[in-house]
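Trainee: The following block contains the structure, expressed as structure tokens.
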Amino acid sequence: MATTEKTKALVLFSGGQDSTVCLASVLARYDEVETVGFDYGQAHAVELGCRAKLRDALTRFPGWGAKLGPDHMIALPELGRISETALTRDVEIEMGENGLPTTFVPGRNLLFFTYAAALGYRRGASVIVGGMCETDYSGYPDCRADTIAALERAICLGMDRAFTLETPLMRIDKAATWALAHELGGDALVDLIIEETHSCYRGDRSKRHDWGYGCGTCPACELRARGYTAYLAGKA
């Protein structure tokens with residue numbers, strides 16, 4: 001992770017575990033880094049409130065402070081209005097009739113990358129980074145590697161500019177994501193992720209677990225908890 005690439009990167013940064021590990025990974029590898037968040041009326045919007053504190057904390061890690069540039073926030077209220085999902089409505093978190101969980105927001109990652117590329121076009125950022133993962137994911141079709149590859153080609157063609165859509169976590173599971181955090185920033189980064197990132201779909205930060213805050217029963221909490229347990233077992 002010591003190699004630094006002289007390219008500006010723009011990170012999709014939600015304030016969650018995965019996007020925070022991605023941001024740390026990018027800060028370790030690129031000279032200039034900016035972040036972008038999206039407010040689409042998500043039920044777990046509490047994660048957006050974590051972003052500023054996380055960004056500030058990451059600047060204190062050796063060599064990262066000078067690299068982290070401006071943060072951007074894009075409002076996408078219409079996405080929330082047209083989406084009948086557990087993240088945008090009072091809908092039970094369960095498996096839907098279409099074989100996808102009700103937490104799937106159709107088009108979300110497609111829009112995120114497209115808006116980020118449009119911003120990157122103006123900001124001179126040719127690398128757009130997201131925390132999508134198809135190893136531990138919930139079956140979301142917009143988290144698959146082939147989806148991201150197709151979208152990258154479409155964005156490059158549609159904007160007539162070379163962009164790279166980078167997904168550092170695509171092939172690793174949640175335990176390996178915790179391990180990557182430790183590799184990048186040691187116990188300090190792992191502790192930061194536990195205390196300040198948010199994953200819970202219900203937006204619950206009233207309960208503190210070994211792995212962080214959350215309801216403990218939604219799919220996001222269960223995945224994070226299992227990954228943390230496996231990570232600790234791997235260290236033993």
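For all residues, glycine too, the Cβ spot is worked out from N, Cα and C.
According to Swiss-Prot, the record shows the following:
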type	residues	note
BINDING	PHE13, SER14, GLY15, GLY16, GLN17, ASP18, SER19, THR20, VAL21, CYS22, LEU23	ATP binding site
BINDING	CYS200, CYS215, CYS218, CYS221	Zn(2+) binding site
Trainee: Looking at the binding-site residues listed here (PHE13, GLY15, VAL21, LEU23), whose Cα lies nearest to that of CYS200 (Zn(2+) binding site)?
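Mentor: Sorting the binding-site residues by distance from CYS200 (Zn(2+) binding site), the top entry is GLY15.
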Trainee: If you take the centroid of the Cβ atoms of CYS200, CYS215, CYS218, CYS221, the listed Zn(2+) site, which other residues of that chain have their Cβ within 8 Å of it?
Mentor: SER199, TYR201, ARG202, ASP204, GLY214, GLY216, THR217, PRO219, ALA220, GLU222
Trainee: Compile a sequence-ordered list of residues in the same chain as CYS221 (Zn(2+) binding site), six or more apart from it, whose Cβ lies below 8 A from its Cβ; state 'none' when nothing qualifies.
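Mentor: Spatial neighbours, sequence-distant, of CYS221 (Zn(2+) binding site): SER199, CYS200, TYR201, HIS209, GLY214, CYS215.
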Trainee: Going by Cα-Cα distance, which of the binding-site residues (GLN17, VAL21, LEU23) sits nearest to CYS218 (Zn(2+) binding site)?
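Mentor: Comparing Cα positions, the closest of these binding-site residues turns out to be GLN17.
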Trainee: Pick out which of the binding-site residues GLN17, SER19 has the most other Cβ atoms within 10 Å of its own Cβ.
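Mentor: In terms of Cβ crowding, the pick is GLN17.
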Trainee: May I ask which residues of the same chain, at least 6 positions away in sequence, place their Cβ under 8 angstroms from the Cβ of VAL21 (ATP binding site)?
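Mentor: Same-chain residues close to VAL21 (ATP binding site) (Cβ under 8 Å, separated by 6 or more) are GLY131, PRO168, LEU169, THR177, LEU180, ALA181, LEU184, ILE193.
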Trainee: Around the recorded ATP site, report the further residues of that chain (criterion: Cβ within 8 Å of the mean position of the Cβ atoms of PHE13, SER14, GLY15, GLY16, GLN17, ASP18, SER19, THR20, VAL21, CYS22, LEU23; site residues excluded), sequence-ordered.
Mentor: VAL11, LEU54, GLY131, THR197
Trainee: Sort out the sequence-distant neighbours of PHE13 (ATP binding site) for me: same chain, 6+ apart, CB within less than 8 Å of its CB, listed by position.
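Mentor: Residues satisfying the criterion: SER19, THR20, CYS22, LEU23, THR35, VAL36, GLY37, ARG51, ARG55, ASP71.
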Trainee: Kindly assign CYS218 (Zn(2+) binding site) to one of the three DSSP-derived states: helix, strand or coil.
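Mentor: Assignment for CYS218 (Zn(2+) binding site) reads coil.
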Trainee: Return the residues near GLY15 (ATP binding site) by Cβ distance under 8 Å, restricted to its own chain and a separation of at least 6 in sequence.
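Mentor: Same-chain residues close to GLY15 (ATP binding site) (Cβ under 8 Å, separated by 6 or more) are GLY37, GLU47, LEU48, GLY49, CYS50, ARG51, LEU54, THR197, HIS198.
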Trainee: May I ask you to report the DSSP-based helix, strand or coil state of LEU23 (ATP binding site)?
Mentor: helix
